[in-house]
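J.: Pasting in a structure now, in structure tokens, and then I'll have a few things to ask.
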Amino acid sequence: MAGCVDGDLGVLTGLLAASGLNNASSSQVGEMLCSKFDGVSATLSSHTLAVDSIYLLFSTYLVFSMQIGFAMLCAGSVRAKNTMNIMMTNVLDAAAGGISFYLFGFGFAFGRSAQSNRFIGSNFYALKDMPSEVNGFDYSFFLFQWSFAIAAAGITSGSIAERTQFVAYLVYSSFLTGFVYPIVAHWVWSVDGWLGAAATSRLFGVGAIDFAGSGVVHMVGGIAGLWGAYIEGPRLGKYTRDGKPGMDMKGHNASLVVLGSFLLWFGWFGFNPGSYVKIVVPYEGSSFEGNWSGVGRTGVTTTLAGCAAALTTLFARRWFTGHWNVTDVCNGLLGGFAAITAGCAVVEPWAAIICGFGAAWVLMGFNYLANKAKYDDPLEAAQLHGGCGAWGLLFTGLFAREKYVLEGYGPGRGHGLFMGGGGRLLAAQLVEILVVMGWVTVTMVPCFWFLNKSSLLRISPEDEMEGMDLTSHGGQAYYIDESPLGPPQSFAKTQTPEVSSTIYRVEYM
């Protein structure tokens, strides 16, 4: 009988008969009740799908809001003469990335068909055959994954800021979001992949745990930026001809850096907790705990890692430089977030503090090495996302808790070395680090090399000195009108002949 599990109709009929109904009536009533179960089940299933879809869309909106944070952070971290340019590149990352991910990227990352393989996806190009009930993919899932893809492209743009031709952004952003990033996402996050813990056939029998993308997103964007900045070389004047430090090229607006950092913090509550994808999933043997409790814990671990990294950077930089530097603290904060992203769902809150502490030292260490190597990254993007992302993967291999791994991934996965899980998970994490570095290198180095050889990568020295806002975008982010307004009478009377009373008006466009 539809709606009843085998044997249920007999049990129900027996209960009705025991209540005083005759056998015929009991059978009729039992069949009628069973026929209603299908409708009730379908309604509950639809409600569950609706709640999960709304949760995923809400998380998508949070992650997409990180683009605002990237834009503000980038704008504040460059010199004023390049503000419009870096803002334009952030818009371009979302726009060009959206088209390339729609046409190819999503299919390469999550496409499934009879030709599916462990290296690359093979369906859903241009969202063909979407939505897919068999695979559980709806349009909300595409939007969520697109917001991750453009985050990786946004990371790279920070590394090559203030000296890159506009056409180069178009090329690399489309290539990164349409091919390079999706392949890594397929390896780690697709059930057909070979590297991740979500796969049906897992590396070392356990697979690497990269829950929200310390490797997939942050390392991919960071390593791509590393090679882009290396091939371009430092900004003019950053170092002298004999290799000594040259001009101070700090960002022009710390307020925008702080604003961008807070917006990124806000968006990370969609980035990490949203990676559960579904929220109405109860844990086995519990009616109180489910993905909804895991989402809350993930928000806590994300916050604590960022806080620990920010405070560690604050006091360490005070010790090294004698100053309380707000931009250093903001970068430390973001480094903690990038690191915890891999293990945010599978570690204890106390362990997240260790993650943030380690991320701060990793970032400061890589910044020191970058300066020694005369490597110029205006936003410290390669050090922050690449270095801290790699640390986050190692950290997860050490501190992942078995209970949380079981809840998030199911049985048969590994847990942290320091949590009694042995070394298989840590080995898988190391493989992911090496594979991501290798894949991004063999794809993005030829891309930047070709652009450089074609004179499409770096702007001319004259344009670089003048500023890209004027030479490439036809204006300035900030306009100054030097027409004197004239002083108020009360103020003019108090001026001595030696002091100018001219007041200038500044208009911010």
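Backbone N, Cα and C define each Cβ position, glycine as well.
Marked as transmembrane segment by TrEMBL: 54-78, 90-110, 139-160, 167-189, 209-231, 252-271, 350-370, 382-400, 426-451. Sequence annotations record features per position, and here TrEMBL assigns domain 'Ammonium transporter AmtB-like' to 56-478.
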J.: Going along the chain, which residues at least six beyond the ends of the transmembrane segment (167-189) come within the CB cut-off of under 8 Å?
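T.: Contacts with the transmembrane segment (167-189): 89, 92-93, 96-97, 99-101, 103-110, 118-121, 145, 148-150, 152-153, 156-157, 160, 195-196, 198, 208, 210, 215-217, 220-221, 224, 228, 432, 435-436, 439-440, 443-444, 447-448, 451, 456-457.
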J.: Quick one: find which recorded stretch in 90-110, 139-160, 209-231, 252-271, 350-370 has the most Cβ pairs under 8 Å with the transmembrane segment (426-451).
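T.: Result: 209-231.
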J.: Would you kindly list the residues that approach the transmembrane segment (209-231) from elsewhere in its chain, counting only those six or more residues past its ends and only Cβ-Cβ distances under 8 Å?
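T.: Residues 148, 151-160, 164, 172, 176, 180-181, 184-185, 188-189, 196-197, 271-272, 274-275, 338-346, 375-377, 381-390, 392-393, 396-397, 400, 405, 408-409, 413-414, 425, 428-429, 432-433, 436-437, 440-441, 444-445, 448-449, 452, 457 contact the transmembrane segment (209-231) from elsewhere in the chain.
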